[in-house]
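For reference, the structure is listed below as structure tokens.
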Amino acid sequence: MVVDAGTTAILNCQANGEPTPTIEWSRQGHPVLSYDRVTVLSNGSLRIVAAQKEDTSEYECVARNLMGSILVRVPFTVQMHGGFSEWFEWRPCSVTCGQGVQKRIRQCNNPLPANGGRHCQGRDTDIRSCQNKPCPVHGNWGPWSGWGTCSRTCNGGQMRRYRTCDNPRPVNGGRACAGADTQIQRCNTDSCPVDGNWGTWQAWTRCSASCGGGEQTRTRLCTNPAPSNGGHPCPGDSSQLSRCNIQACPGGPPRARGSVIGNINDVEFGIAFLNSTVTDSPESDTRIIQAKITNVPRSLGTAMRKLVSILNPIYWAAAKEIGEAVNGFTLTNAIFKRETQVEFATGEILRMTHIARGLDSDGALLLDVVVSGYVLQLQSSADVNVKDYTEDYIQTGPGLLYAYSTRLFTIDGVSVPYTWNHTITYDHTRGKMPFLLETLRASSIATEYNPLEETLAFRIHASIAKGDHSNQCPTGFGLNSTGPYCSDEDECAVRNPCSHACHNAIGTYYCSCPRGLTISADGRTCQDIDECALGGHTCHAAQECENIIGSYRCVVRCGIGFRRTSDGLSCQDVNECQEFNSCHQRCFNTIGSFHCGCDPGYQLKGRKCMDVNECRQNVCRPDQHCKNTRGGYKCIDLCPNGMTKAENGTCIDIDECRDGTHHCRYNQICENTRGSYHCACPRGYRSQGVGRPCLDIDECENRDACQHECRNTLGSYQCVCPTGYRLMSNGKTCQDVDECLEQNIHCGPNRMCFNMRGSYQCIDTPCPPTYQRDPLSGFCLKNCPPNDLECALSPYALEYKLVSLPFGIAANQDLIRLVVYTQDRVMHPRTTFLMVDEDPTIPFALRDENLKGVVFTTRPLQVPETYRMRVRALSYSADGNIEYQTTFIIYIAVSAYPY
């Protein structure tokens, strides 16, 4: 019982009996005497008034009557709650100046808490503020300001910065800031810069060319004065360039410049700039034209390396004139328009328009080029080589020229042909060429594209002379004597060379075909286009394409076994039986197909009918012989093997086992069957076939035959159990022999017979002094002499538990549940269990679970061994005092076998 100090407590004696016993109270073996605070009531209870800490003890009540006496112990605890002492004096202020604090304390010793009493409630420390005279504050500098502006920009100046003593300011007699409040620093110590100024211009240099436009230069020096100390350089250029001798040279312009715009291969590029120079070749009777086009996109630069004729107006106008032939400049004064078409063998076509606008003030040919179309695309790494070629110029009328050529270029050594034709118009008042036909020769052609600079460079040697048969018109032209000129001949009107449509062109003609037809290899006749074979039709997946002359039609797609109707819009079934009957006997038409059939007695294999052997289907009775015929069979009465005819004509069985005609030998047993017999083997043997001895079956090869050990015998087997086990009635499993019970083992006083799996052992189970063995349960129960406090505080009961387990029980398996009962044989409601002298090597542990102590495995039981454990149970009363102590001594024996 636990009470607070100062309260009144009544200790009841739980002992009773018949006749009513007398009650005596004692305290630690000394009788309790009644006085003003302690009184024994009439019902035997002990009353303690104003309980004090010194009353804490264990009290005993002894009940006596004629039947004997009984002692009951009553623990009694008086809890003393703590109380504070008076406050101590205030401690000195925490600082000597300014705002501080003071503390005072009190102690929890009036009284001290005891026997589980509460500690003092409330604060044990008190704090208050205290104020002394103000403390002095010493001054401290604030941060420096930024540097001020330098007093001079060069040749050395000064700049200042400042700080203030306000971080904090000195007060209450504090010290002022030490040091200066201003700093001075030199700045802009570099010398002042001197800007440069130009001297006078020097004389002009000699002109670089005597005609066609040259250049001359003059220079000046920045020395009046020269710039120094970072001064600015002289403004403007140090040299001047001037054009000179700009009158045109005889035979053509010395240079050309212009622009190129348009798109090639669907790539639009901005204005590309063209610059060219013309010089006489010192080695041949030609002029050298060197040109560069800038701003050429990388995606086109490689492909444009073969477009030499983009420069055609330049090298035609500047070509070296041989004999009486004239170049483009002499003929047109560099004012003309040229329409050019380039066609590659791979199908690409490029068109160019060249507009020559005469010479500028420097004598340069002014040229604008517009391009549009497609060219053969080349790899950037391709090696392109343009071959030398000739180009024939034909005077087709006043102010009209026509030129054409067929050329070759190679790509990595592979030749590719392409054709050029030009139509040139100019002012007819300039006259005409001195010959009907002049030939321009282009040689030593070199091209290069620089992808980094996006520039395309050309170099070409050009000359122009009268053509072969210069006073005759070439094929495709006719002589017009009014000029004379070479007028285009209309081959379509004169010869009608095409099978369908003919189109005249300058110097030639071409044929075309209507829709659905294409030109044949001879270039003149048309042939049908098979759109179905070429995949140029629009029929969908459920249709088939049917070619017709000049077109095609989409017809329905029919499956196998159907044919298309004449309009091509539907399918009709084909009657294969009427049109091409390939069946042997019968044919049955079906929608989209057919199948073959046979007469009765025949079976279809493929498309042929084969006779069915009905005898294989056991159509006759067992006592008949079956004979197959074409399309049928016959049953002939005949006894089969193993049967014989009886006198009444029926077939009866022959008993081969009885008449000795069987072939069963050795230890085989003959068993007759209808029409035959069977050689069987006795139980425990297996057959090797007719006439061969039966072999013993080794039943022990079956692992499930016996639980422990299997011993094979002839025709059978026998299961054997280990020592201490007996074979059960099923002949397979083993059962432990309880030697303690069956052999009536007497181990002697204070010993118990412990039956283990396969054995037994006598275990010492002595009862300690002051304990007596209960004859029914075998437990050791405490029986203390009166007033023996040490005995009363020792465990109430000692129980021995013996457990026998098979080998191989897994970890975390519950084995034993320990329960503590009251003296009334009721499970105690407040009990805890703990392992005494716990050994970490044993494979068992203990846990509390619902007022029971559960012993369980911590690892698999794989070692045959006997373990000893000691468990103590503590049972508490409702007020938290220990009421019972029980000790369990547990023996656990693990077998060597899993049964």
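Every residue gets a Cβ built from N, Cα and C, even glycine.
Of the listed cysteines (Cys492, Cys513), only Cys492 is recorded by TrEMBL as the disulfide partner of Cys502.
TrEMBL lists a disulfide bond between Cys710 and one candidate from Cys700, Cys721; that candidate is Cys700.
In TrEMBL, the cysteine linked to Cys577 by a disulfide bond, out of Cys558, Cys587, Cys596, is Cys587. In this structure the alpha carbons, written CA, of Cys492 (disulfide bond) and Cys577 (disulfide bond) are 61 Å apart. Beyond the ends of the domain 'EGF-like' (696-735), by six or more residues, the same chain brings 682-686, 757-759, 896-897, 899 to within a C-beta distance below 8 angstroms of the stretch. Among the stretches 252-474, 573-610, 653-688, the one making the largest number of Cβ pairs under 8 Å with the domain 'EGF-like' (488-527) is 252-474.
Within the chain carrying the domain 'EGF-like' (573-610), a Cβ under 8 angstroms from the stretch's Cβ atoms is held by residues 559-563, 630-632, all 6 or more beyond its ends.
Note on proximity: of the disulfide-bonded residues Cys502, Cys700, Cys710, the one nearest Cys587 (disulfide bond) is Cys502, by Cα distance. Here the candidates are the disulfide-bonded residues Cys577, Cys700, Cys710, and by Cα distance the one nearest Cys502 (disulfide bond) turns out to be Cys577. In the three-state DSSP scheme, Cys502 (disulfide bond) is classed as strand. This prediction places the mean pLDDT of the domain 'EGF-like' (696-735) at 90.
Counting Cβ atoms from all protein chains shown, Cys710 (disulfide bond) has 19 others lying within 10 Å of its own Cβ. Cβ neighbour count for Cys577 (disulfide bond): 17 (other Cβ atoms within 10 Å of its Cβ, all protein chains included).
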